[in-house]
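Per Swiss-Prot, these features apply:
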- 35-57: transmembrane segment (TRANSMEM)
- 78-100: transmembrane segment (TRANSMEM)
- 105-127: transmembrane segment (TRANSMEM)
- 148-170: transmembrane segment (TRANSMEM)
- 185-207: transmembrane segment (TRANSMEM)
- 214-236: transmembrane segment (TRANSMEM)
- 266-288: transmembrane segment (TRANSMEM)
- 301-323: transmembrane segment (TRANSMEM)
- 407-426: transmembrane segment (TRANSMEM)
- 431-453: transmembrane segment (TRANSMEM)
- 465-487: transmembrane segment (TRANSMEM)
- 497-519: transmembrane segment (TRANSMEM)
Amino acid sequence: MKIRFMMLFGLLTLPVLAWAADALTGDVQRQPLNIQAIVMFLLFVGGTLYITYWASKKTRSRSDYYTAGGNITGFQNGLAIAGDYMSAASFLGISALVYTSGYDGLIYSLGFLVGWPIILFLIAERLRNLGRYTFADVASYRLKQNPIRSLSACGSLVVVALYLIAQMVGAGKLIELLFGLNYHVAVVLVGILMVMYVMFGGMLATTWVQIIKAVLLLFGATFMAVMVMKSVGFSFDALFKQAMEVHPKGAAIMSPGGLVSDPISALSLGLGLMFGTAGLPHILMRFFTVSDAKEARKSVFYATGFMGYFYFLTFIIGFGAILLVSANPEFKDATGALIGGNNMAAIHLADAVGGNFFLGFISAVAFATILAVVAGLTLAGASAVSHDLYSNVIKKGKATERDELKVSKITVLVLGVVAISLGILFENQNIAFMVGLAFSIAASCNFPIIIISMYWSKLTTRGAMIGGWAGLLTAVILMVLGPTIWVKILGHAAPIYPYDYPALFSMLVAFIGIWFFSITDRSETGQQERARFHAQFVRSQTGVGASKGSSH
């Protein structure tokens, strides 16, 4: 049955590829047809579809589908987490930010990295010991199942939806530039492949797609950085001096402070990036794919190492682009601007240091990056619906594995259709605020509930519900009333909320709400929930009673 379904999906994909071929000869303004990129892209897709077929034969149970049976090693999971987290926005966006702003780009990239020590020291071990498939398992461990799982699932789905839209729109624009494909074709293609990986291969296929993508991206970025350093005699001093001579801003690119207009926005952005990371459902879900808490800690250790190394490379790549791309008229259009915009700086650098073949490789890696991220997001969204809402809220924990998996796969299909539709709908919208909003909601709803449920004995369901919903709604409302939506999209003269990011205030609302409505909860249920903290604490520390990986 699975093989027939995959063949059907393959046949559905063929007209899209044919349509893509037609599109290549049509609306191609910025990037010419790159045969190497197309060939490498097809090789990657073929390889990952084979992995999906292999994974589908090993995915028999609910545990296999959600967590790959808990049999992923710490090292493999670390690579997969890095593959899940290092998006095309990280690779192209941060190197472009360094290309335009210099040192500020490095500061911005650190925002994505500093959340990981929090996950390593405060969350990973306890999350693995207490949970099974989703972070809602942890949040609802000693609290009322229905309301907490409903809140956690809503928080997860909102974050997944916003992040997914941003990735799909980014994917369409990126592929349009890299391959010359029509935007709508690119979005449909990403959506179909995303559904295939997750529906048939589950977490096992998603994990290996992310691992392969991480290895390819790290290899490509390393090669680019080495070639940049080779061009300046492996001297950072020479790299920075020559970059200052070439860049329009001169020595100002070595100074911080030009990125954010005021300290409140800077603090709010930093808090959102730092604590939002610890509340992203597709990242937290990865800790259940390993056998125990020790492997979960190893996962974060390896992931942080890989990502730290990667963000260091983007800094070199950005300065390399200043040196080798900005001064080369071959990469400029008639107006003197970079062909394809500043986000193409890393792609042009690949051409400059490795020629057409390496340009094709990096283009294919950029596409692989998108597929790996959207696959992880889709699985997280599907598990929130099937495991948290359907199995535990609607069926009160009495759903069969077969029914739960059926609901999960239907959800994957629905998410695929929704992602494609919204990706097309939001084609011409500014999607930067969606990523910021996704991190802000994760920091304002998911993170406070997870961290407080694990560490504070006085938490009650009432406090978690009121504080969690208050944080989520505050983040959304402040984002709507802020400069990005209220002024730039809705067209009002001035914003009601003057800052770009809401996390500073929405997190405060969430934590105060959780604290106040918990300590004022005198109900008998609240007393029982507090009394259950000791048993939760023992399990979170020792792992006694924690779910284990299955052996195949």
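Backbone N, Cα and C atoms are what each Cβ position is placed from, and that goes for glycine too.
Within the same chain, residues 87-89, 134-136, 139-140, 187, 190-191, 279-282, 370, 373-374, 377-378, 380-381, 384-385, 388-389, 392-393, 415, 418-420, 422-423, 426-427, 429, 431, 434-435, 437-438, 441-442, 445-446, 449, 461, 464-465, 468-469, 472, 476 sit at least 6 positions outside the transmembrane segment (148-170) and bring their C-beta atoms closer than 8 Å to a C-beta of that stretch. By the count of Cβ pairs under 8 Å, the stretch nearest in packing to the transmembrane segment (407-426) among 78-100, 185-207, 266-288, 301-323, 465-487 is 185-207.
Between the transmembrane segment (78-100) and the stretches 185-207, 301-323, 431-453, 465-487, 497-519, Cβ pairs under 8 Å are most numerous for 301-323. Only sequence-distant pairs (6 or more apart) were considered; of these, fewer than three Cβ pairs between the transmembrane segment (301-323) and the transmembrane segment (465-487) are under 8 A, so the stretches are not in contact. Here the transmembrane segment (431-453) has long-range neighbours at 89, 122-123, 127, 135, 138-139, 141-143, 148, 151-152, 155-156, 158-159, 162-163, 165-166, 169-170, 269, 271-281, 284, 459, 464, 467-469, 471-472, 474-476, 479, 484-485, 500-503, 506-507, 509-511, 514, meaning same-chain residues at least 6 beyond its ends whose C-beta is under 8 angstroms from one of its own.
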